[in-house]
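Enquirer: Take this structure, written in structure tokens, and hold onto it; I'll ask about it next.
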């Protein structure tokens, strides 16, 4: 029985890592996901208020005071950033990050002077937008549009999807997910940001409780510099960075049915020397460049099918699909077993 229990805990940890969420079980603290869409249904609202009552010292009194208040401050709705054609890429990325922050922190700064800085993060215990990482890109972009309409606080994975949506119109900017697993006081924490590359420089977009664990200006020369910048930030909060997972470049086509490749390289920092880590990141950078040079396969037209044949395959034979590039795992051996159906159905929220 103990062995089975230990195995189930490990499976849950692996599911959490696969989803890349910052707070699916952030240090052992669970949270909910709004699966009912918008407008938010009554059951989701009541569940959120029960969670707020549990985590605050004043309990239910705090919830009642807020829900009965008639003089709450009016929350401004942030505007999606727009640019002139001549606006430089770094300024556009800064405007996008500012918009993401305004979604997260919609109130003026002076409102928070008497509050702790942690009040400026989504502590409702509910993620408002359901993100299933196995969905095609076009479906995730529809969710990003909904984020701009609803203007609700978001978490780190939602910020990555929104960042992709807002940079789709910038063909000179390549985007790729970077997820982190850190450890502090015996608990594991997960976080994800959107890496960006343009003009030979790297940076990042995202959201976090910590200023230096989200936005990185487009100033870092290599992917190694970017990862080391985040690693140094984690050390500043007494966290040990254990693993880094880096995906491939994301298509700029908002109607693409491709899935985002979230974990092309899996780097185990406990088993890699600094030199080995640098070589792995350089290899990943080359892999990303190769993807740019590979155009999407054209749809076979009738004329093309009639004019091109194969001596090994008859006209009625099925076309063999090209297998997806295998993920690269450094410092550990990954099994090639298929994910279970539970893994492919989205988050498994446990409370």
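Cβ coordinates are placed from backbone N, Cα and C, and glycine is handled just like the others.
Annotation source TrEMBL lists active site at 156, 191, 208. The compositional bias 'Acidic residues' annotation in TrEMBL covers 12-24. Annotated compositional bias 'Basic and acidic residues' per TrEMBL: 323-341, in sequence order. Look at TrEMBL and you will find 1-28, 283-351 tagged as region 'Disordered'.
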Enquirer: Whose Cβ, among the active-site residues 156, 191, 208, has more other Cβ atoms within 10 Å than any of the rest?
Expert: 191
Enquirer: At the level of the C-alpha atoms, what whole-angstrom distance separates residue 208 (active site) and residue 156 (active site)?
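Expert: The separation of the Cα atoms works out to 6 Å.
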Enquirer: Fill in the CA-CA distance, residue 156 (active site) to residue 191 (active site), as an integer in Å.
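Expert: Rounded to the nearest whole number, the Cα-Cα distance is 7 Å.
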